[in-house]
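Input: a single structure, listed below in structure tokens.
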Amino acid sequence: MSLTPEIAEQAAEPPSTDAAPGGGHGERDRLSALGGLAALSLDAMASVAYGPESIVLVLAAAGSYGLGFTLPVTVAIAVLLAVLTASYRQVIAAFPDGGGSYAVAKTHLGRRTALTAAASLVIDYILNVAVSVTAGVAALTSAFPGLYPDRVWLCLAVLVLVTGVNLRGIAESARWFMLPTAVFVLSIMAIVVVGLFRSHPASTAAAAGHASVLAHNATGVGALLLLKAFASGCSALTGVEAVANAVPSFRTPRVKRAQHTEVALGAVLGVMLIGLAVLIGRFKLQPVDGVTLLAQLADASLGHGFGFYLVQFSTVVLLALAANTSFGGLPVLMRLLARDNHLPHVFALRADHQVHRHGVLFLAAVSAGLLVASGGDVNSLVPLFSIGVFVGFTICQVGMVRHWALERGKGWRGRAAINGFGALLTGVATLVVTGTKFTEGAWAVVVALPLLVLLFEAVHRAYGRIGERLELGRIPGPVVRQRSTVVVPVHSITRMTREALAAALSLGDEVLAVTVVPTEPDAEDQQAVAALRRDWELWQPGVPLVEVPDPHRRLGKPLVGFVNGLSAERVTVLIAEVEPERLWQRALQNQRGMLMDRALRRHTEAVVCRLRLHM
């Protein structure tokens, strides 16, 4: 889901007319093919940090013999990657306005399927943050083992940092991503190239002293184990669809540039995955506690020096940026869902810095819960990651088959066959991932996906009922002036009382000042009531003071009873309050206004206005 806030917003909105080549500042600000590769490949490239390791961790159950299947499993994943790349090239051509699974499903497969795609995207965005943060911290603790016991706190610190940056609304561009992406890709390529020329590891210092998780009594590899390894490794395919989501962000000609970027992304990712798999077998590496497989590969290929630490730091930075892309993508998706009445409209609001703040905070809160629940362990989160991704893949490919069948242009059968083959492979992969990882946490995604769809539909029905009551889409009847009464709650006579009565006199035909008096007053109450009556007579504001008796010295209930007993067609209650000069001074207020407001809104049809007097 690799969309920056700026790029995601462009993808979400209808694209503007293409500028002429070389013309317009806006066109120059759009993505070139190379810039698109840097900005949109973060999730895909970052998956190199945990994809190969997830394969090896499964095969380790079959001992050294099982690790020998790392390369064949990786090649199978690379074949699926090639099919997906070809499929998404066609999505780009068919949906130049942004062809994510939600858009394709909404056009060709109906509302409920589109909501399923949206739910899978929501889950994918959330898990992308959790997986990227934990994988980045794992790279950091591999370089500095002393930090390993504090990995959960480190994960939360990274999450707070990324959340804070996004709440500030810092707008990214492709230039921000060019350097870290290039450094990471070149580092991985250096590991592969240098490692191919080594006959034995340059260093094993990274794994020294760490316990191996390799099984020593295994004698064979079964089909189920290979399927589990394939399912785990499919996490390396996340982000393949990102280019198709952001076609409007490319320079003219957009479709060709986006297609070139998609092919480049698939090629670079495939080379890195296969190259690392070859080195895993060449150096006979095995998973160990507390050290990532990528750290072992860097150690074995480049030695335990500058190159090793460069790989670890570039991995941390890239994974942090990969997590950051969800903060750009999910709030925009939630805005689209809110615009379609499938989420509360608050998710469509922007803050002062052009940030969908509620979406950012929602993502941060759920991700923090996952980080704490997983104990900061990336390998416990990866099994959850692939399901949402492949549900979206499958829906998108099925939608594309229907697209070509309806269009029936030249060569449509070949195009439909490519997308159909892609749908078949990703559908099978979805079943394999779900079946093999169900007891390892995949059940949570299986449960969450339909629950999210039900939530979207429930919100949509609620907005439908509200729309019917508000007569949305219909011209209302003529405006009829109604006789109105304004009620002003009064406790004592101050400047605030004067301002409230002045405002009330400008609002209604009749103004009533209301004070609640106890039916069984003590000496203090008697003195206060007598003082208020005396001062009111002396002041003569031209507004009657109405005393409402109550035996329990309450504020809300007697006021509610008085308002409901009025005969006026329209009743407005004007509550005057002090707006303190400093934020901390709000703790000094008695909260009378809030209590009355809550009671009146809940139990009356009155219009409640809160007049704030700034100090």
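Glycine is no exception: its Cβ is also placed from the backbone N, Cα and C atoms.
Residues or ranges marked as region 'Disordered' by TrEMBL: 1-27.
Look at TrEMBL and you will find 56-84 (among others) tagged as transmembrane segment.
The annotation transmembrane segment is assigned in TrEMBL to 115-139 (among others). Within its own chain, the transmembrane segment (115-139) is flanked in space by residues 1, 43, 46, 49-50, 100-102, 104-105, 151, 154-155, 158-159, 162, 235, 238, 292, 294-295, 312, 315-316, 318-320, 322-323, 325-327, 329-330, 333-334, 337, 342, 363, 366-367, 370-371, 374, 376-378, 381-382, 384-385, 387-389, 391-392, 395-396, 445, 448-450, 452-453, 456-457, which lie at least six positions past its ends and keep a Cβ under 8 Å from the stretch.
Residues 5, 129, 133-134, 136-138, 140-141, 320, 323-324, 327-328, 351-355, 357, 360-361, 364, 367-368, 371-372, 375-377 of the same chain lie 6 or more positions beyond the ends of the transmembrane segment (151-169) yet place their CB under 8 Å from a CB of it. The transmembrane segment annotation in TrEMBL covers 151-169 (among others).
Same-chain residues lying 6+ beyond the ends of the transmembrane segment (176-197) with a Cβ under 8 Å from its Cβ atoms: 4, 34-35, 37-39, 41-42, 45, 48, 268, 271-272, 275-276, 278-279, 282-283, 297-298, 300-302, 307, 310-311, 314-315, 317-318, 321. For 176-197 (among others), the entry in TrEMBL reads transmembrane segment.
What TrEMBL records for 263-281 (among others) is transmembrane segment.
The transmembrane segment annotation in TrEMBL covers 317-338 (among others).
Tertiary neighbourhood of the transmembrane segment (359-376): same-chain residues 125-127, 129-130, 133-134, 137, 151-152, 154-156, 159-160, 163, 166-167, 326-327, 330-332, 334-335, 347, selected by CB-CB distance under 8 Å and a gap of 6+ residues from either end. Here TrEMBL flags 359-376 (among others) as transmembrane segment.
Marked as transmembrane segment by TrEMBL: 382-404 (among others). Panel annotation: around the transmembrane segment (382-404), residues 50, 54, 84, 87-88, 90-91, 94, 99-101, 104-105, 107-109, 113, 116-117, 120-121, 123-124, 127-128, 131, 231-232, 234-235, 237-238, 240-241, 244, 412-413, 415-416, 419-420, 422-423, 426-427, 429-430, 433-434, 437, 440-442, 444-446, 449 of the same chain, lying at least six beyond its termini, place a Cβ under 8 Å from a Cβ of the stretch.
If you look up TrEMBL, you'll see 416-435 (among others) marked as transmembrane segment.
Per TrEMBL, transmembrane segment is recorded for 441-459 (among others). Residues 112, 115-116, 118-120, 122-123, 337, 341-344, 380-381, 383-384, 387-388, 391, 433-434 of the same chain lie 6 or more positions beyond the ends of the transmembrane segment (441-459) yet place their CB under 8 Å from a CB of it.
Scored by C-beta pairs under 8 angstroms, the transmembrane segment (263-281) has its highest count with 56-84, from the stretches 56-84, 317-338, 416-435.
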